[in-house]
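Novice: I'd like to ask you about the structure that follows.
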Amino acid sequence: MAIDLRPFIPFGRGALSQATDPFRAAVEFTLMPMLITNPHLPDNPIVFANPAFLKLTGYEADEVMGRNCRFLQGHGTDPAHVCAIKSAIAAEKPIDIDIINYKKSGEAFWNRLHISPVHNANGRLQHFVSSQLDVTLELSRLVELEKERKTLSIETARSKDQLDYIVEVANIGFWTREFYSGKMTCSAECRRIYGFTPDEPVHFDTILDLVVLEDRMTVVQKAHQAVTGEPYSIEYRIVTRLGETRWLETRAKALTGENPLVLGIVQDVTERKKAEANKALVSREIAHRFKNSMAMVQSIANQTLRNTYDPEQANRLFSERLRALSQAHDMLLKENWAGATIQQICATALAPFNSTFANRIHMSGPHLLVSDRVTVALSLAFYELATNAVKYGALSNEKGVINITWAIMEDKGEKKFHMRWAESRGPEVMQPARRGFGQRLLHSVLAEELKAKCDVEFAASGLLIDVLAPITPEVFPGMGHNVPEQRIA
(Lines of atoms letter the chains of each structure in order from A and count residues from 1; the text may use other names and numbers.)
(Lines give C-alpha, C1' and ligand atoms only; values in the text may rest on other atoms or scores of the structure.)
Protein backbone atom coordinates (compact mmCIF):
# COMPACT_ATOMS: atom_id res chain seq x y z
CA MET A 1 0.00 0.00 0.00
CA ALA A 2 1.15 3.58 -0.58
CA ILE A 3 2.21 5.83 2.26
CA ASP A 4 -0.74 7.81 3.58
CA LEU A 5 0.31 11.45 3.32
CA ARG A 6 -2.79 12.77 5.07
CA PRO A 7 -2.64 15.00 6.99
CA PHE A 8 0.18 16.43 4.88
CA ILE A 9 3.41 17.19 6.68
CA PRO A 10 4.86 20.61 5.86
CA PHE A 11 7.52 20.61 3.18
CA GLY A 12 10.21 21.53 5.63
CA ARG A 13 9.63 18.26 7.49
CA GLY A 14 10.10 16.17 4.39
CA ALA A 15 6.72 15.30 2.88
CA LEU A 16 4.59 16.69 0.09
CA SER A 17 2.65 19.88 0.68
CA GLN A 18 -1.03 20.31 0.11
CA ALA A 19 -0.23 22.29 -2.99
CA THR A 20 1.15 19.18 -4.61
CA ASP A 21 -1.82 17.02 -3.67
CA PRO A 22 -3.13 16.59 -7.27
CA PHE A 23 0.37 15.56 -8.34
CA ARG A 24 0.52 13.12 -5.42
CA ALA A 25 -2.82 11.60 -6.43
CA ALA A 26 -1.68 11.12 -10.02
CA VAL A 27 1.53 9.44 -8.90
CA GLU A 28 -0.25 7.24 -6.38
CA PHE A 29 -2.77 5.73 -8.76
CA THR A 30 -0.62 5.21 -11.84
CA LEU A 31 0.23 1.63 -12.72
CA MET A 32 3.87 2.67 -13.19
CA PRO A 33 5.98 2.03 -10.06
CA MET A 34 6.90 5.48 -8.71
CA LEU A 35 8.98 6.96 -5.88
CA ILE A 36 9.37 10.52 -4.59
CA THR A 37 12.43 11.49 -2.56
CA ASN A 38 13.27 14.66 -0.64
CA PRO A 39 16.80 15.93 -1.32
CA HIS A 40 16.48 18.45 1.50
CA LEU A 41 16.49 15.69 4.11
CA PRO A 42 19.63 13.76 5.06
CA ASP A 43 20.50 11.03 2.54
CA ASN A 44 17.68 12.04 0.14
CA PRO A 45 15.10 9.62 1.67
CA ILE A 46 11.93 8.23 0.12
CA VAL A 47 8.88 10.23 1.17
CA PHE A 48 6.36 8.50 -1.08
CA ALA A 49 6.04 5.06 -2.70
CA ASN A 50 2.99 4.21 -4.76
CA PRO A 51 1.25 0.79 -4.65
CA ALA A 52 2.76 -0.23 -7.99
CA PHE A 53 6.28 0.16 -6.56
CA LEU A 54 5.41 -1.88 -3.47
CA LYS A 55 3.91 -4.60 -5.66
CA LEU A 56 7.00 -4.69 -7.88
CA THR A 57 9.54 -4.93 -5.04
CA GLY A 58 7.52 -6.88 -2.48
CA TYR A 59 8.18 -4.37 0.32
CA GLU A 60 5.60 -2.86 2.66
CA ALA A 61 5.27 0.90 2.82
CA ASP A 62 6.80 1.25 6.28
CA GLU A 63 9.84 -0.72 5.09
CA VAL A 64 10.79 1.83 2.42
CA MET A 65 9.74 5.19 3.90
CA GLY A 66 12.66 7.26 5.09
CA ARG A 67 15.29 5.09 3.38
CA ASN A 68 17.60 5.95 0.51
CA CYS A 69 16.83 4.04 -2.68
CA ARG A 70 20.18 2.25 -2.53
CA PHE A 71 18.55 -0.53 -0.44
CA LEU A 72 17.40 -1.93 -3.80
CA GLN A 73 21.02 -2.49 -4.83
CA GLY A 74 22.92 -5.75 -4.28
CA HIS A 75 26.00 -7.72 -5.13
CA GLY A 76 25.05 -7.87 -8.82
CA THR A 77 24.55 -4.12 -9.19
CA ASP A 78 27.14 -2.51 -11.44
CA PRO A 79 29.08 0.18 -9.46
CA ALA A 80 29.37 2.23 -12.66
CA HIS A 81 25.56 2.45 -12.83
CA VAL A 82 25.42 3.57 -9.20
CA CYS A 83 28.06 6.23 -9.88
CA ALA A 84 26.10 7.54 -12.89
CA ILE A 85 22.96 7.88 -10.77
CA LYS A 86 24.83 9.73 -8.00
CA SER A 87 26.32 12.14 -10.54
CA ALA A 88 22.91 12.91 -12.08
CA ILE A 89 21.36 13.58 -8.67
CA ALA A 90 24.25 15.79 -7.63
CA ALA A 91 23.90 17.77 -10.87
CA GLU A 92 20.09 17.87 -10.55
CA LYS A 93 19.86 16.27 -13.99
CA PRO A 94 17.40 13.63 -15.21
CA ILE A 95 18.78 10.17 -15.96
CA ASP A 96 17.54 7.04 -17.71
CA ILE A 97 19.44 3.86 -16.93
CA ASP A 98 18.98 0.08 -16.76
CA ILE A 99 20.30 -1.24 -13.45
CA ILE A 100 20.13 -4.53 -11.57
CA ASN A 101 18.01 -4.14 -8.43
CA TYR A 102 16.74 -6.66 -5.91
CA LYS A 103 13.27 -7.37 -4.58
CA LYS A 104 12.56 -8.07 -0.93
CA SER A 105 12.63 -11.79 -1.72
CA GLY A 106 16.20 -11.48 -2.96
CA GLU A 107 15.18 -11.94 -6.59
CA ALA A 108 17.24 -9.81 -8.96
CA PHE A 109 15.56 -7.89 -11.75
CA TRP A 110 16.58 -5.41 -14.43
CA ASN A 111 15.08 -2.06 -13.51
CA ARG A 112 14.63 0.54 -16.23
CA LEU A 113 15.03 3.54 -13.96
CA HIS A 114 14.10 7.12 -14.79
CA ILE A 115 14.95 9.83 -12.26
CA SER A 116 13.90 13.43 -12.78
CA PRO A 117 14.32 16.49 -10.53
CA VAL A 118 11.21 18.54 -9.71
CA HIS A 119 11.73 22.29 -9.27
CA ASN A 120 9.29 24.79 -7.87
CA ALA A 121 8.18 27.99 -9.58
CA ASN A 122 11.35 29.73 -8.40
CA GLY A 123 13.55 27.08 -9.97
CA ARG A 124 14.55 25.62 -6.62
CA LEU A 125 14.91 21.84 -6.41
CA GLN A 126 11.97 20.44 -4.48
CA HIS A 127 11.88 16.65 -5.01
CA PHE A 128 13.21 13.84 -7.15
CA VAL A 129 10.63 11.65 -8.88
CA SER A 130 11.61 8.24 -10.19
CA SER A 131 9.80 5.58 -12.18
CA GLN A 132 10.75 1.91 -12.38
CA LEU A 133 10.00 -0.73 -14.97
CA ASP A 134 10.90 -4.42 -14.75
CA VAL A 135 12.55 -5.14 -18.12
CA THR A 136 14.14 -8.45 -17.13
CA LEU A 137 12.34 -10.44 -19.81
CA GLU A 138 13.08 -7.84 -22.47
CA LEU A 139 16.78 -7.71 -21.66
CA SER A 140 16.98 -11.47 -21.29
CA ARG A 141 15.55 -11.80 -24.78
CA LEU A 142 18.10 -9.28 -26.03
CA VAL A 143 20.81 -11.33 -24.35
CA GLU A 144 19.46 -14.46 -26.05
CA LEU A 145 19.45 -12.71 -29.41
CA GLU A 146 23.01 -11.55 -28.79
CA LYS A 147 24.03 -15.11 -27.96
CA GLU A 148 22.44 -16.32 -31.20
CA ARG A 149 24.32 -13.64 -33.13
CA LYS A 150 27.58 -14.67 -31.48
CA THR A 151 26.84 -18.32 -32.22
CA LEU A 152 26.50 -17.56 -35.92
CA SER A 153 29.70 -15.50 -35.78
CA ILE A 154 31.52 -18.39 -34.15
CA GLU A 155 30.20 -20.68 -36.90
CA THR A 156 31.92 -18.50 -39.50
CA ALA A 157 35.09 -17.72 -37.54
CA ARG A 158 35.83 -21.03 -35.89
CA SER A 159 36.24 -24.52 -37.16
CA LYS A 160 33.36 -26.79 -38.06
CA ASP A 161 34.47 -29.28 -35.41
CA GLN A 162 33.91 -26.75 -32.62
CA LEU A 163 30.37 -26.02 -33.80
CA ASP A 164 29.65 -29.74 -34.14
CA TYR A 165 30.77 -30.24 -30.54
CA ILE A 166 28.46 -27.49 -29.25
CA VAL A 167 25.35 -28.85 -30.92
CA GLU A 168 26.31 -32.43 -30.07
CA VAL A 169 26.42 -31.61 -26.35
CA ALA A 170 22.84 -30.32 -26.62
CA ASN A 171 21.78 -33.39 -28.65
CA ILE A 172 20.73 -31.04 -31.43
CA GLY A 173 21.86 -31.55 -35.00
CA PHE A 174 22.65 -28.56 -37.18
CA TRP A 175 22.37 -28.46 -40.95
CA THR A 176 22.36 -26.08 -43.89
CA ARG A 177 20.70 -26.68 -47.25
CA GLU A 178 21.19 -24.91 -50.56
CA PHE A 179 17.62 -24.28 -51.57
CA TYR A 180 17.94 -24.87 -55.31
CA SER A 181 20.60 -27.60 -55.44
CA GLY A 182 19.47 -29.49 -52.35
CA LYS A 183 23.06 -30.01 -51.20
CA MET A 184 23.39 -30.16 -47.43
CA THR A 185 26.05 -29.85 -44.76
CA CYS A 186 25.35 -31.69 -41.52
CA SER A 187 26.87 -31.64 -38.06
CA ALA A 188 28.04 -34.87 -36.44
CA GLU A 189 24.91 -35.04 -34.28
CA CYS A 190 22.71 -34.44 -37.32
CA ARG A 191 24.39 -37.35 -39.11
CA ARG A 192 23.96 -39.56 -36.04
CA ILE A 193 20.24 -38.76 -35.82
CA TYR A 194 19.64 -39.63 -39.48
CA GLY A 195 22.04 -42.58 -39.43
CA PHE A 196 24.54 -41.18 -41.96
CA THR A 197 28.25 -41.95 -41.92
CA PRO A 198 30.67 -39.12 -41.07
CA ASP A 199 31.96 -38.65 -44.63
CA GLU A 200 29.11 -39.47 -46.98
CA PRO A 201 27.63 -36.59 -49.01
CA VAL A 202 24.12 -35.62 -47.95
CA HIS A 203 21.39 -34.33 -50.24
CA PHE A 204 17.85 -33.34 -49.35
CA ASP A 205 16.63 -36.34 -51.35
CA THR A 206 18.81 -38.58 -49.16
CA ILE A 207 16.86 -37.46 -46.12
CA LEU A 208 13.55 -37.58 -47.94
CA ASP A 209 14.13 -41.26 -48.75
CA LEU A 210 14.19 -41.99 -45.01
CA VAL A 211 10.91 -40.20 -44.25
CA VAL A 212 7.90 -42.51 -43.91
CA LEU A 213 5.45 -42.24 -46.80
CA GLU A 214 2.67 -40.78 -44.66
CA ASP A 215 4.85 -37.81 -43.63
CA ARG A 216 6.85 -37.31 -46.83
CA MET A 217 4.51 -34.88 -48.59
CA THR A 218 4.32 -32.63 -45.52
CA VAL A 219 8.12 -32.52 -45.29
CA VAL A 220 8.39 -31.58 -48.98
CA GLN A 221 5.78 -28.82 -48.64
CA LYS A 222 7.50 -27.30 -45.62
CA ALA A 223 10.89 -27.45 -47.35
CA HIS A 224 9.52 -25.58 -50.38
CA GLN A 225 7.87 -22.95 -48.19
CA ALA A 226 11.26 -22.08 -46.68
CA VAL A 227 12.09 -19.86 -49.67
CA THR A 228 9.62 -17.27 -48.29
CA GLY A 229 12.00 -16.65 -45.41
CA GLU A 230 9.39 -17.58 -42.82
CA PRO A 231 10.62 -19.98 -40.12
CA TYR A 232 8.94 -23.36 -39.92
CA SER A 233 8.77 -26.28 -37.54
CA ILE A 234 7.72 -29.84 -38.33
CA GLU A 235 7.60 -33.23 -36.64
CA TYR A 236 7.89 -36.35 -38.77
CA ARG A 237 9.02 -39.97 -38.72
CA ILE A 238 11.96 -41.61 -40.41
CA VAL A 239 13.08 -45.21 -40.75
CA THR A 240 16.86 -45.44 -40.49
CA ARG A 241 18.91 -47.78 -42.64
CA LEU A 242 18.97 -50.15 -39.66
CA GLY A 243 15.17 -50.27 -39.67
CA GLU A 244 14.72 -48.13 -36.56
CA THR A 245 11.73 -45.76 -36.55
CA ARG A 246 12.43 -42.35 -35.05
CA TRP A 247 10.37 -39.23 -34.45
CA LEU A 248 12.27 -36.06 -35.41
CA GLU A 249 11.56 -32.37 -34.92
CA THR A 250 13.07 -29.90 -37.38
CA ARG A 251 13.09 -26.11 -37.08
CA ALA A 252 14.44 -24.06 -39.96
CA LYS A 253 14.56 -20.65 -41.60
CA ALA A 254 15.93 -19.53 -44.97
CA LEU A 255 18.40 -16.74 -45.53
CA THR A 256 16.76 -15.29 -48.62
CA GLY A 257 18.64 -13.80 -51.53
CA GLU A 258 19.86 -14.80 -54.96
CA ASN A 259 20.90 -18.21 -53.64
CA PRO A 260 18.74 -18.90 -50.58
CA LEU A 261 20.37 -20.92 -47.82
CA VAL A 262 18.19 -22.78 -45.33
CA LEU A 263 19.55 -23.05 -41.78
CA GLY A 264 18.01 -25.67 -39.55
CA ILE A 265 18.27 -27.82 -36.47
CA VAL A 266 16.99 -31.34 -35.94
CA GLN A 267 16.33 -33.20 -32.70
CA ASP A 268 15.35 -36.78 -31.95
CA VAL A 269 12.04 -36.53 -30.05
CA THR A 270 11.19 -40.23 -30.08
CA GLU A 271 11.14 -40.54 -26.29
CA ARG A 272 8.94 -37.46 -25.96
CA LYS A 273 6.49 -38.90 -28.48
CA LYS A 274 6.40 -42.16 -26.56
CA ALA A 275 5.71 -40.25 -23.36
CA GLU A 276 2.88 -38.33 -25.07
CA ALA A 277 1.40 -41.57 -26.37
CA ASN A 278 1.63 -43.12 -22.91
CA LYS A 279 -0.01 -40.05 -21.40
CA ALA A 280 -2.88 -40.27 -23.88
CA LEU A 281 -3.23 -43.97 -23.13
CA VAL A 282 -3.32 -43.30 -19.40
CA SER A 283 -5.94 -40.57 -19.91
CA ARG A 284 -8.15 -42.94 -21.88
CA GLU A 285 -7.64 -45.64 -19.27
CA ILE A 286 -8.59 -43.28 -16.45
CA ALA A 287 -11.72 -42.22 -18.33
CA HIS A 288 -12.58 -45.88 -18.94
CA ARG A 289 -12.10 -46.80 -15.28
CA PHE A 290 -14.08 -43.79 -14.11
CA LYS A 291 -16.93 -44.80 -16.40
CA ASN A 292 -16.82 -48.35 -15.04
CA SER A 293 -16.78 -47.08 -11.45
CA MET A 294 -19.75 -44.82 -12.05
CA ALA A 295 -21.63 -47.70 -13.65
CA MET A 296 -20.91 -49.84 -10.59
CA VAL A 297 -22.05 -47.06 -8.22
CA GLN A 298 -25.24 -46.65 -10.24
CA SER A 299 -25.85 -50.39 -10.10
CA ILE A 300 -25.32 -50.43 -6.33
CA ALA A 301 -27.72 -47.52 -5.90
CA ASN A 302 -30.38 -49.09 -8.11
CA GLN A 303 -30.17 -52.49 -6.41
CA THR A 304 -30.20 -50.96 -2.92
CA LEU A 305 -33.17 -48.67 -3.52
CA ARG A 306 -35.10 -51.32 -5.45
CA ASN A 307 -35.11 -53.81 -2.57
CA THR A 308 -35.03 -51.56 0.51
CA TYR A 309 -38.07 -49.53 1.47
CA ASP A 310 -36.77 -48.01 4.72
CA PRO A 311 -34.77 -44.86 3.79
CA GLU A 312 -32.50 -45.17 6.83
CA GLN A 313 -31.71 -48.79 6.08
CA ALA A 314 -31.19 -47.99 2.40
CA ASN A 315 -28.73 -45.25 3.32
CA ARG A 316 -26.81 -47.60 5.64
CA LEU A 317 -26.66 -50.39 3.06
CA PHE A 318 -25.61 -47.99 0.31
CA SER A 319 -22.83 -46.57 2.51
CA GLU A 320 -21.57 -50.05 3.42
CA ARG A 321 -21.52 -51.12 -0.22
CA LEU A 322 -19.71 -47.95 -1.28
CA ARG A 323 -17.17 -48.61 1.48
CA ALA A 324 -16.59 -52.10 0.09
CA LEU A 325 -16.22 -50.61 -3.40
CA SER A 326 -13.73 -48.06 -2.04
CA GLN A 327 -11.68 -50.82 -0.41
CA ALA A 328 -11.55 -52.66 -3.72
CA HIS A 329 -10.31 -49.51 -5.45
CA ASP A 330 -7.68 -48.94 -2.74
CA MET A 331 -6.43 -52.46 -3.33
CA LEU A 332 -6.22 -51.84 -7.07
CA LEU A 333 -4.34 -48.57 -6.54
CA LYS A 334 -1.68 -50.41 -4.55
CA GLU A 335 -1.23 -52.74 -7.51
CA ASN A 336 -1.23 -49.87 -10.04
CA TRP A 337 -4.61 -51.02 -11.37
CA ALA A 338 -3.07 -54.25 -12.62
CA GLY A 339 -5.73 -56.29 -10.82
CA ALA A 340 -5.34 -58.31 -7.63
CA THR A 341 -4.97 -61.92 -6.54
CA ILE A 342 -8.03 -63.78 -5.32
CA GLN A 343 -6.27 -64.18 -1.96
CA GLN A 344 -5.96 -60.37 -1.72
CA ILE A 345 -9.58 -59.90 -2.75
CA CYS A 346 -10.85 -62.32 -0.10
CA ALA A 347 -8.67 -60.83 2.62
CA THR A 348 -9.71 -57.25 1.82
CA ALA A 349 -13.42 -57.86 1.27
CA LEU A 350 -13.79 -60.05 4.38
CA ALA A 351 -11.56 -57.92 6.64
CA PRO A 352 -14.59 -56.40 8.49
CA PHE A 353 -15.70 -59.92 9.47
CA ASN A 354 -12.34 -61.42 10.44
CA SER A 355 -12.17 -59.79 13.87
CA THR A 356 -15.34 -61.62 14.92
CA PHE A 357 -15.30 -64.72 12.71
CA ALA A 358 -11.58 -65.14 11.97
CA ASN A 359 -11.53 -68.86 12.79
CA ARG A 360 -14.72 -69.59 10.88
CA ILE A 361 -13.82 -68.16 7.47
CA HIS A 362 -11.33 -70.28 5.52
CA MET A 363 -9.85 -69.64 2.10
CA SER A 364 -7.44 -71.60 -0.05
CA GLY A 365 -6.28 -71.71 -3.64
CA PRO A 366 -3.35 -70.97 -5.95
CA HIS A 367 -1.86 -67.53 -6.65
CA LEU A 368 -4.18 -66.18 -9.36
CA LEU A 369 -4.24 -62.58 -10.59
CA VAL A 370 -7.57 -61.34 -11.99
CA SER A 371 -8.38 -58.13 -13.88
CA ASP A 372 -9.43 -54.87 -12.23
CA ARG A 373 -13.12 -55.22 -13.16
CA VAL A 374 -13.28 -58.77 -11.80
CA THR A 375 -11.49 -57.55 -8.66
CA VAL A 376 -14.21 -54.98 -7.98
CA ALA A 377 -17.06 -57.40 -8.71
CA LEU A 378 -15.60 -60.20 -6.57
CA SER A 379 -14.91 -57.80 -3.69
CA LEU A 380 -18.51 -56.60 -3.62
CA ALA A 381 -19.88 -60.13 -4.03
CA PHE A 382 -17.77 -61.56 -1.18
CA TYR A 383 -18.75 -58.67 1.08
CA GLU A 384 -22.47 -59.12 0.36
CA LEU A 385 -22.35 -62.90 0.76
CA ALA A 386 -20.55 -62.55 4.09
CA THR A 387 -23.08 -59.96 5.25
CA ASN A 388 -25.93 -62.34 4.38
CA ALA A 389 -24.12 -65.18 6.15
CA VAL A 390 -24.05 -63.08 9.33
CA LYS A 391 -27.78 -62.38 9.03
CA TYR A 392 -29.14 -65.71 7.84
CA GLY A 393 -26.36 -68.19 7.09
CA ALA A 394 -23.34 -69.91 8.57
CA LEU A 395 -22.16 -66.91 10.60
CA SER A 396 -25.55 -66.37 12.27
CA ASN A 397 -24.89 -69.08 14.88
CA GLU A 398 -21.91 -70.12 17.00
CA LYS A 399 -20.46 -72.96 14.91
CA GLY A 400 -21.10 -72.30 11.23
CA VAL A 401 -18.14 -71.93 8.87
CA ILE A 402 -17.47 -70.60 5.38
CA ASN A 403 -14.98 -72.22 3.01
CA ILE A 404 -13.85 -70.26 -0.04
CA THR A 405 -11.77 -72.31 -2.46
CA TRP A 406 -10.56 -71.84 -6.01
CA ALA A 407 -8.49 -73.88 -8.44
CA ILE A 408 -7.60 -74.51 -12.07
CA MET A 409 -9.19 -77.66 -13.41
CA GLU A 410 -9.59 -79.58 -16.65
CA ASP A 411 -13.08 -79.54 -18.13
CA LYS A 412 -13.72 -81.23 -21.46
CA GLY A 413 -10.10 -80.81 -22.52
CA GLU A 414 -10.03 -77.13 -21.57
CA LYS A 415 -8.47 -75.43 -18.56
CA LYS A 416 -11.05 -73.61 -16.47
CA PHE A 417 -11.22 -71.59 -13.30
CA HIS A 418 -13.39 -73.07 -10.55
CA MET A 419 -14.35 -71.13 -7.42
CA ARG A 420 -16.66 -72.28 -4.61
CA TRP A 421 -18.35 -70.50 -1.72
CA ALA A 422 -19.53 -73.18 0.72
CA GLU A 423 -21.33 -72.54 4.00
CA SER A 424 -21.78 -75.39 6.49
CA ARG A 425 -22.85 -76.14 10.07
CA GLY A 426 -25.14 -73.15 10.03
CA PRO A 427 -28.93 -73.06 10.30
CA GLU A 428 -30.93 -74.72 7.59
CA VAL A 429 -31.30 -72.34 4.70
CA MET A 430 -34.29 -71.82 2.48
CA GLN A 431 -34.27 -70.43 -1.01
CA PRO A 432 -35.35 -66.77 -0.75
CA ALA A 433 -38.16 -65.33 -2.80
CA ARG A 434 -35.66 -63.15 -4.64
CA ARG A 435 -31.91 -63.07 -5.10
CA GLY A 436 -29.82 -60.78 -2.91
CA PHE A 437 -27.33 -58.22 -4.14
CA GLY A 438 -24.36 -60.57 -3.76
CA GLN A 439 -25.99 -63.28 -5.87
CA ARG A 440 -27.02 -60.76 -8.48
CA LEU A 441 -23.40 -59.62 -8.71
CA LEU A 442 -22.30 -63.21 -9.21
CA HIS A 443 -24.93 -63.91 -11.84
CA SER A 444 -24.70 -60.65 -13.79
CA VAL A 445 -21.34 -58.94 -13.41
CA LEU A 446 -19.20 -62.02 -12.81
CA ALA A 447 -21.01 -64.04 -15.43
CA GLU A 448 -20.39 -61.22 -17.88
CA GLU A 449 -16.78 -60.46 -16.90
CA LEU A 450 -15.62 -64.06 -16.52
CA LYS A 451 -17.97 -65.55 -19.13
CA ALA A 452 -18.75 -67.84 -16.21
CA LYS A 453 -21.42 -70.33 -15.32
CA CYS A 454 -22.71 -69.66 -11.81
CA ASP A 455 -24.67 -72.32 -9.87
CA VAL A 456 -26.34 -71.47 -6.55
CA GLU A 457 -27.69 -74.25 -4.32
CA PHE A 458 -29.56 -73.71 -1.06
CA ALA A 459 -28.57 -77.06 0.41
CA ALA A 460 -29.67 -78.27 3.81
CA SER A 461 -26.06 -77.97 5.00
CA GLY A 462 -25.78 -74.37 3.86
CA LEU A 463 -25.44 -72.08 0.86
CA LEU A 464 -23.27 -73.49 -1.93
CA ILE A 465 -22.13 -71.38 -4.90
CA ASP A 466 -19.99 -72.74 -7.74
CA VAL A 467 -18.44 -70.50 -10.42
CA LEU A 468 -16.87 -72.10 -13.49
CA ALA A 469 -15.14 -69.84 -16.03
CA PRO A 470 -12.82 -70.25 -19.02
CA ILE A 471 -9.22 -69.05 -18.71
CA THR A 472 -8.72 -65.89 -20.80
CA PRO A 473 -5.86 -63.35 -20.75
CA GLU A 474 -8.33 -60.50 -20.26
CA VAL A 475 -9.60 -61.99 -16.99
CA PHE A 476 -6.42 -63.72 -15.80
CA PRO A 477 -3.58 -61.45 -17.04
CA GLY A 478 -0.13 -62.98 -17.06
CA MET A 479 -1.21 -66.40 -15.86
CA GLY A 480 1.60 -68.86 -16.52
CA HIS A 481 1.48 -72.54 -17.30
CA ASN A 482 2.92 -73.50 -13.91
CA VAL A 483 -0.37 -73.17 -12.00
CA PRO A 484 -1.17 -76.72 -10.87
CA GLU A 485 -4.47 -78.26 -11.82
CA GLN A 486 -6.71 -79.67 -9.12
CA ARG A 487 -10.33 -80.31 -8.42
CA ILE A 488 -12.27 -78.78 -5.57
CA ALA A 489 -13.68 -81.54 -3.42
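Glycine too: its Cβ is placed from the backbone N, Cα and C atoms.
According to Swiss-Prot, the feature domain 'PAS' maps to 19-93, an assignment based on sequence analysis. According to Swiss-Prot, the feature domain 'PAC 1' maps to 93-147. For 232-281, the entry in Swiss-Prot reads domain 'PAC 2', with the evidence type sequence analysis. What Swiss-Prot records for C69 is S-4a-FMN cysteine. The phosphohistidine annotation in Swiss-Prot covers H288. What Swiss-Prot records for 259-341 is region 'HWE histidine kinase domain'.
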Novice: Enter the number of other CB atoms within 10 angstroms of the CB of C69 (S-4a-FMN cysteine).
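Specialist: Its Cβ has 22 other Cβ atoms within 10 Å.
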Novice: For the domain 'PAC 2' (232-281), what does DSSP give as the number of helix, strand and coil residues?
Specialist: 12 helix, 27 strand, 11 coil
Novice: Give the residue counts of the domain 'PAC 1' (93-147) per reduced DSSP state, in the order helix, strand, coil.
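Specialist: Helix/strand/coil tally for the domain 'PAC 1' (93-147): 12 helix, 28 strand, 15 coil.
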